[in-house]
């Protein structure tokens with residue numbers, strides 16, 4: 001027997017199925033025509049406006065995402081070449097990344113990577129210049145204690161590599177015999193990496209330095225060597241994962257040796273100068289003894305070879321001239337008015 005319900009069987013649902021509102025027959029007819037292609041649905045243009053407005057934002061977001069993802073993959077590729085000791089390829093990649101990050105984020109990374117690669121290749125001066133640029137651009141680390149930074153921050157990573165490059169420059173100066181300049185360079189490397197030390201190692205190094213200064217003043221070499229050995233054993237027992245600690249200790253040793261060699265070199269130069277001055281003085285005295293300076297010649301007597309008669313006549317003429325000059329002076333004095341004793 002046919003059902004009196006006007007709804008089609010598709011709208012009949014079994015028990016447990018979700019309840020839906022009954023569909024109007026007119027709406028169902030329109031949807032059936034649209035799905036069959038007989039009637040085209042007219043969309044409201046206002047509904048598409050948010051989509052058109054969001055397209056530029058979507059393009060910008062996709063561009064930024066592609067830039068960041070591509071730069072990250074490029075950096076990983078350069079790093080893989082660096083680990084494979086293909087430094088030329090890695091350097092070319094880092095130089096390209098420098099061009100792409102001039103106006104981007106984390107500009108210091110490309111300078112840091114390129115500077116590290118140059119130092120590894122032996123181009124120390126150029127590498128140190130790049131690392132100094134990275135140090136100026138890197139975000140500053142948080143100061144965990146007065147004068148102490150976060151050891152594993154980005155700034156400390158740059159400081160450690162920069163200190164290594166400066167240390168290599170000091171090694172080159174020490175190898176050339178410029179121990180004074182080498183000591184100054186080591187001091188700069190030490191000051192660069194010092195803020196990244198851990199607090200415990202920093203206090204221990206200061207106490208060890210004070211002990212070594214007291215021992216140098218007392219010139220007790222045996223005790224200083226023994227205490228340095230005990231200090232090395234304590235440090236070996238308390239090794240740290242912080243690379244700044246190891247670098248600073250190494251640079252301190254090099255600086256101390258350079259200062260000692262510079263002092264010895266200065267003493268040797270001073271002794272050489274004194275020897276040269278002494279040799280010059282001895283040579284001058286020897287030359288003076290060999291070639292004595294001539295004595296001044298005596299003044300020639302203008303009346304030499306004069307006969308007694310000529311001498312008597314000359315003395316008479318000289319006496320007459322003196323008497324004549326005296327008479328002339330007396331006449332001038334008589335003409336003056338006032339005190340005859342010569343007071344005006």
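FYI, residue positions are counted from 1 along the chain as it appears here.
Any Cβ shown, glycine's included, is placed from N, Cα and C.
Check TrEMBL against the ranges 27-50, 51-74, 75-98 and you find transmembrane segment recorded for 51-74. Taking H, G and I as helix, E and B as strand and the rest as coil, DSSP gives the compositional bias 'Basic and acidic residues' (308-337) the counts 28 helix, 0 strand, 2 coil.
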